[in-house]
């Protein structure tokens, strides 16, 4: 099965690979030459090739090699592709612009579940970029960890690298330095051993990784560095010293501009310091002789000292440049010379601790600056930020958003507790002693109310400094304008709600004061308008609306409960008979009121719960009657509550039911549609595999579209709005696809209207083998695979195009492979007829579109394009209509099947029509196989027994008269418009009979070649031998039909000539034909010049009775007369050798015109041939129908020359 049987895990791997940022390609190991089936965008950007140019090429990447690419590297790559193990190698590759670079290629085989390699992944890395990235990495973090670990270690350093630190140290700001900088410059064979460095176990784990990285860097660096003059010391295996220590040569990394030096061994710290001073002196001498020094010391010499705490961008860049210079600063504070440990083979950068602190400080300050969005961090090219006054708060700032939600919670608290406090708490009688002796802070609710009042006052102050948006959509930050805007808006309501009335009238315990406080506190409920405005944005969500409606219902019930208690409490002292609901409540719960005891009666809790129960039962129209109104005031209030309840019940709960129905509407539609699908499956008895695919696709499509039919939605809008919507839906394709660049907005709108969107789940087959390619596909998301005989030949991803090149073929072909989705795919597709229709409307954009359209994979099956008799008739009509399209008119375009241009086709025709080189029977079969029966019609008038001769419709010479020029032009334009497919190869038909050979006809040959060049049909197609006989039979039938049609035309011509002969004056008559009124016939006088007929073809054997000389002259006369009548088609039948078309009835019947002897008939014939052939009868207008009938026959599209 090959790679067609990819498991789901591999499909996920392919989809993940398509989204990676690496530069790679995928090749199929089971195809010839391991053809490339996919390359990502990074690969295309690296080498400059498009995906179309890379697909199906061998993965040996021969197109990337150049003159400097070594054959050994190519052989290594080829050997890696023959193996089954991962391999890395370096190759010199060339980009499309001929620039070369060293590339690191990683060949990774992909195996299937059987362990067989089915694919190769080739990952490409620019070696120069890889070295630049790795050289910029710093190892000081790991070294700082090694110092803190306290483990001894012996390190070997590259002396030239250590020597460069002097220049770096001199360029850095001078400060207290607690480390030792060692610089060396003298080459020698000594080495330096530093012992007792502390390292951590973590570093030991990464040594091998670092060594492998340096190994990869070492070779390219040596090749790229022209200054290297010393050989590279080879790495020696570590050997155990006499005291059990290890001695080893380390890698010496080459850097640009540097040189290699050896290391010498020192045994004490004094020798270490002596060596340090010696090399410092030599370095100063070297630096004096050469400005800037060598290598990295030269880079460091021009760096100016920079304060470590600088925070500007330029200073940070300078300091970053300094920090990237390799530093070898050694701290000997924690050295222990008695402990030895085998050192790493890599160079290690050591940075003094206070330098690390400075870097950390700079990074912290930089991060702080970025987080604060300072002006020096913002880009140079930016929008001008609005100028904000000091202490002004932006209305869209996070602080204002949090503050608004806090005020919203306080308003909700006010809406709940203000009515409760005004109704229940303020009417509670307290002892005078407690009331006067206790301060305001005795009641917790008073403390909370005080905090709420303070917050409302602060909110007023903040609103005076908060920006707003004016009617011009401008942010206003001017304090004066903000104040005016706030005064005109919510200031009065906020001010009333923020006044602490209970503090202003505290300690005045009269009843009037208590009632006033309760009424004033209810003014805070005006802030609920802000709550409604704040929560209005959530009105589109059904669940949020449902929650808000329930809260509103509960809040209104709470308010009504407070009012219900206030009515009963106010009326009770004035009633003689205690019949109020509060007295009834006391009797029911056993807590009767006692006028002498103010604390008697039900508690506040009992009163509130009972009042709330009554209001809820009244609002919901339940009303059990256990709490009933008894007084008139209570009854009136109950009526009001019932009215409010009916309205609220109808609005709120009706809205709730609608919301619930809307929430479940999608589910209901899903179940309804799913039921239809199941009924369809059951009714048609769909098999289980297909049934499962159908159900899975329906479920996924529903989750993707939620059951919304976009076509049904778009049909409800006008065309202009539909075009805008389609343009928005296809904007990504139209903007990113190269083929649509340069299109006008009207063209894009027309194309967007024709595009359809398709969604395909994994495993769904989009195109099957043999399907007619009537659609062009554009992939916008996901990946697909193309399979030929269950072998993956290509993997396409985002922005790829597959189908067939419509501009090269006038008739849709058939698919040569299966197209299957690997992941969930979104595709845009357009029908070829719709695309051609739009391009015909915009011919200026058509050429640009065809030139920029790059089809990633051509699905057209070029080997076999089956044709059926029914499809041929359709093909004729299709080509005839499509020939009028300007979008397909591309001159000198190579033939799609043969790859030949018009000039090559003309040369081919010249060879085929050369009489000196007649075609054999086999050659004729080959030529005939390229012709199609497209030109045959539905009316079958052929006579099987009629003789068939060679046919040649020859275009008359255009050198005679202007009429002949006009006729030739009209004939050529007519032929270019109506001939739809490859016609009978007329000039080559003479070679079908070996006894006949045509003469040279250069002008007709040129006309035929032009006709062929104006079509987009291949001249030669590869047909099987079995089809040649059918082609010959169709050719025979075609000639028979042409013969019968021409016979009927000749009969009409002869009838007309009989009427003309009676009016045309004889040759000896003094009347000149020019005396006729030319305007009556609508013919220009300049057309009176005689027409020179084509010379008759010589026939070797004249055995047919109709081919006698007398008959030939009469036939020539008849056909010459026909030329005068054929104003629409300027065709001339030369002679009987050229064309002898007559029926058996005509052959056996007497001639219509009695032939005269040649000497008597010659003058008449000459007069007819040389004179102007005008219809002599003024009644020629009555015979217009006959002319039209002739034109109708001649304009029949079945004639190959027309």
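Backbone N, Cα and C atoms are what each Cβ position is placed from, and that goes for glycine too.
Predicted, not measured: the structure shown is a model, and the values here were computed from it.
Feature transmembrane segment, per Swiss-Prot, maps to range 406-426 of the set 385-405, 406-426, 574-594. In summary, of the candidate residues 437, 655, 730, the record from Swiss-Prot lists N-linked glycosylation site for 437, whereas the others have no such entry there. Judged by membrane topology as recorded in Swiss-Prot, residue 89 sits across the membrane from residue 565.
It is 636-656, from the ranges 342-362, 363-383, 636-656, 657-677, that Swiss-Prot records as transmembrane segment.
Looking at 486-506, 696-716, 738-758, the stretch flagged in Swiss-Prot as transmembrane segment turns out to be 486-506. Checked against Swiss-Prot, the range among 294-314, 315-335, 609-629, 777-797 recorded as intramembrane segment is 609-629.
Among the ranges 544-564, 817-837, 838-858, the one that Swiss-Prot lists as transmembrane segment is 544-564. Across the motif 'Selectivity filter' (621-626), DSSP helix (H, G, I), strand (E, B) and coil residues number 0 helix, 0 strand, 6 coil. If you look at the topological domain 'Cytoplasmic' (465-485), the same-chain residues 6 or more away from its ends with a CB under 8 A from one of its CBs are 386-389, 391-395, 400.
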